[in-house]
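Taken from TrEMBL as is:
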DOMAIN    3-37  domain 'Galactokinase N-terminal'
DOMAIN    83-171  domain 'GHMP kinase N-terminal'
BINDING   P111, L112, G113, A114, G115, L116, G117, S118, S119, A120, A121  ATP binding site
ACT_SITE  D163  active site, proton acceptor
DOMAIN    240-301  domain 'GHMP kinase C-terminal'
Amino acid sequence: MVTASAPGKVYLFGEHAVVYGEPAVPCAIERRVRVTATEIDEGLRIHANDLQLDGFTVEYTGDGESRPDVDVAEPLVEAGMGYVNEAIAQARDAADAPDAGFEIFVEGDIPLGAGLGSSAALVVAAIDAATGELGVDLAAEEIADRAYQVEHAVQDGQASRADTFCSAMGGAVRVEGDDCRRLEGIDNLPFVIGYDGGAGDTGALVAGVRDLRDEYGFAADTVDAIGDVVREGESVLGTDDYETLGELMDFNHGLLSALGVSSRSLDSMVWAARDADAHGAKLTGAGGGGCIVALDETDDALTALKYTPGCEDVFRAELDTDGVRRE
Ligand SMILES: Nc1ncnc2c1ncn2[C@@H]1O[C@H](COP(=O)(O)OP(=O)(O)O)[C@@H](O)[C@H]1O
Ligand SMILES: C[C@@](O)(CCOP(=O)(O)O)CC(=O)O
Ligand SMILES: [Mg+2]
């Protein structure tokens with residue numbers, strides 16, 4: 001039995017545009033998904049108690065034939081199970097053990113579908129735990145690469161390497177196309193997260209931006225402009241110039257909003273944080289619903305968000321310098 005864990009992340013800058021080759025800077029946070037893998041004779045048995053479909057907790061045998069005993073639409077079940085199935089396929093491939101069976105337990109403290117990268121953390125931890133159980137130790141870079149293949153497959157062929165690289169390596173990272181690197185010397189940034197209790201469908205939101213970009217030249221320009229914001233932000237990263245960082249986060253949110261991926265509750269949390277004099281605030285991840293990230297070293301944004309209608313939870317997120325690790 002091997003247990004591995006991997007962190008979630010917030011995007012300081014650059015989500016969505018990173019799918020089209022612009023740079024992005026995600027930062028790993030101290031919230032994790034833990035996966036325990038035990039080799040069994042055959043098949044795949046998954047216990048994912050955090051995964052609630054219409055109020056049911058799901059347990060199922062991922063052998064391609066049986067399905068959860070719940071009355072929900074097949075596509076929902078497939079979407080929910082796709083990450084673990086594909087991660088285990090990667091682990092079998094990496095360990096050259098195509099027939100290895102697994103019992104998998106998943107649990108974590110990252111809200112699902114909320115822009116904090118729970119999918120990447122799940123896939124990274126699952127690949128490490130399952131290969132570890134088969135006696136194979138993959139380098140973090142290889143886990144990142146295999147986890148990217150999984151997100152790419154599950155998100156219908158549209159994904160960047162950002163979430164999976166960040167989760168595997170930890171810390172603040174910079175991703176531009178296939179060029180992935182860790183950023184050294186980044187101190188803990190004063191991140192405050194607001195969570196509306198909702199979720200967005202990453203695949204559908206990414207597809208929406210792609211369609212806008214195909215239809216309108218100015219939407220393509222908006223994606224390019226996000227890249228410009230990231231490049232500008234990089235020049236002050238690692239300094240204590242939170243004023244400029246915050247201003248650029250605000251700009252980044254405006255551009256994401258123009259691309260149609262914000263929502264009323266995300267906007268109202270962003271404005272609550274700004275009204276409380278946070279340096280800046282933006283949605284994080286795919287959007288549609290879920291989380292915003294604000295930059296504020298005081299308790300003002302935290303307190304304001306606590307009293308913001310539509311904000312269900314608010315917490316500080318510490319930068320996690322550890323990526324994937326065995327527990
Ligand atoms: N703890 C978990 N247990 C089971 N499935 C999980 C868990 N964490 C994440 N997932 C999978 O990842 C999906 C969320 O991924 P995604 O839509 O990309 O949002 P995000 O990565 O921002 O959380 C969930 O719907 C579920 O399929
Ligand atoms: C929108 C995107 O840039 C980030 C998605 O992040 P999350 O799954 O919403 O945490 C997609 C991607 O990079 O693959
Ligand atoms: Mg995700």
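In case you wondered, yes, glycine gets a Cβ from its N, Cα and C as well.
Quantities reported herein were computed from a predicted structural model and do not represent experimental measurements.
Residues 91, 102-110, 115-118, 120-122, 124-126, 128-130, 132-133, 158-160, 162-163, 166-177, 183, 186, 189, 191, 193, 205-206, 209-210, 213, 223-224, 226-227, 229-231, 233-234, 237, 245, 248-249, 252, 256, 259, 261, 282, 284-287, 291, 293, 317-327 of the same chain, all 6+ positions outside the domain 'Galactokinase N-terminal' (3-37), place their C-beta atoms under 8 angstroms from a C-beta of that stretch. The helix, strand and coil residue counts that DSSP assigns across the domain 'GHMP kinase N-terminal' (83-171) are 51 helix, 8 strand, 30 coil. Taking a Cβ cut-off of under 6 Å from any atom of ligand 3, none of the binding-site residues P111, G113, G115, A121 qualifies. Within the set of binding-site residues P111, G113, A121, no residue has a CB atom less than 6 Å from any atom of ligand 2. Long-range C-beta contacts of G113 (ATP binding site), restricted to its own chain and to partners at least six residues apart, with a cutoff below 8 Å, comprise A199, G200, D201, T202, G289, G290.
Within its own chain, G117 (ATP binding site) has G8, K9, P26, I110, D163, C166, S167, G285 as residues 6 or more apart in sequence whose C-beta sits under 8 angstroms from its own.
Taken as a whole, the domain 'GHMP kinase N-terminal' (83-171) shows an average pLDDT of 96 in this prediction. Summarised by DSSP class, the composition of the domain 'Galactokinase N-terminal' (3-37) is 4 helix, 25 strand, 6 coil.
The Cβ centroid of P111, L112, G113, A114, G115, L116, G117, S118, S119, A120, A121 marks the ATP site; residues of that chain outside this set whose Cβ lies within 8 Å of it are G8, I110, G285, G290, given in sequence order.
In the shown protein chains, 31 other C-beta atoms lie within 10 A of the C-beta of G115 (ATP binding site).
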